[in-house]
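**Student:** I'd like to ask some things about the structure below.
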Amino acid sequence: MLSNFEQLIFVGGVPRSGTTLMRAILDAHPDVRCGGETMLLPSFLTWQAGWRTDWVNNSGITQEVFDDAVSAFITEIIAKHGELAPRLCNKDPYTALWLPTIQRLYPNSKFILMIRDARAVIHSMIERKVPVAGYNTSDEQSMFVKWNQEIRKMLFQCNNAPGQCIKVYYERLIQKPEEEIQRITNFLDLQYSQQMLHHHELIGAEVDLNDQEFSASQVKNSINTKALTSWFDCFSEDTLRKLDDVAPFLSVLGYDTSSSKPDYSMFADDDFYQFRNFYS
């Protein structure tokens, strides 16, 4: 069995934020294996939190014992979810809500938090009929409120894990893939591989796809910018007018909420990260 000190890689974020693309890119690296979503670990992390009570401690099961049991389960799932590799990776979007727990269980792990314009995220959920708990597709504005709640918590946790969590903007990744992938591999202490720019050519070989993942069909294509503007003209004027109220973290993250057709070229600027402060 692998130890708790393995340099595991976790990829998370609000669903439809580019997590599947990110894990496909990582899977293309010769030393990394992610595989598809387990669709289990976020629920398991929620379950284990409910058992961390005084009742458990009073029964003689200390947090250390409980942590060992929890990490043993998670490690087995990740390790036997596919072929072994020098660096193992997990992509379940909502693990991003459990970063402090992951930090404690796996002190040498690294986390990639994917960030994407909420308008594109929510349009994707609605258009592709992706069922995500807590998102009511018949009420657009409530979906923006839910996104804001989740990304706020994810960002807070990521910002409290310096050196262990990196934020990756989807809009930059697809416009400046080589620079961004090099930034990511540096963070992960991996040697950069040109294969990562061509993940689509390795589908079925280095990169296994899970047909249950809603983005599986999309990542069969090369990295492209087609999805950047797919949400244009898809929201009501009333919804767009209220964005700063229902999803204030859009502007905090640098997205232009004043335009119904924003220009994403700023995310490709060479000095982009110089202007990312607490939330970047």
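Placement of Cβ uses the backbone N, Cα and C atoms for every residue, glycine included.
These came from Swiss-Prot, pasted as-is:
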- E37: active site, proton donor/acceptor (ACT_SITE)
- 16-20, R116, S124, R128, Y170, 215-224: 3'-phosphoadenylyl sulfate binding site (BINDING)
- C34-C89: disulfide bond (DISULFID)
- C158-C165: disulfide bond (DISULFID)
- N57: N-linked glycosylation site (CARBOHYD)
- N136: N-linked glycosylation site (CARBOHYD)
- K91: site 'Transition state stabilizer' (SITE)
- S215: site 'Transition state stabilizer' (SITE)
**Student:** List every residue in the same chain as C89 (disulfide bond), at least 6 positions away in sequence, whose Cβ is under 8 Å from its Cβ.
**Tutor:** L8, I9, F10, V11, R23, L26, D27, V32, R33, C34, G35, I78
**Student:** When you measure from the Cβ of S124 (3'-phosphoadenylyl sulfate binding site), which residues in the chain that are at least 6 apart have a Cβ under 8 Å away?
**Tutor:** R16, V130, A227, S230, W231
**Student:** Given a 10 Å Cβ-Cβ cut-off, pick out the one of the binding-site residues T19, N221 that has the most other Cβ atoms nearby.
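**Tutor:** Result for the most crowded candidate: T19.
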**Student:** Name the one residue among E37, N136, C158, C165 whose Cα is closest in three-dimensional space to that of N224 (3'-phosphoadenylyl sulfate binding site); these are the recorded positions.
**Tutor:** E37
**Student:** Let me know the DSSP-derived helix, strand or coil state of C165 (disulfide bond), please.
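**Tutor:** It is in a strand.
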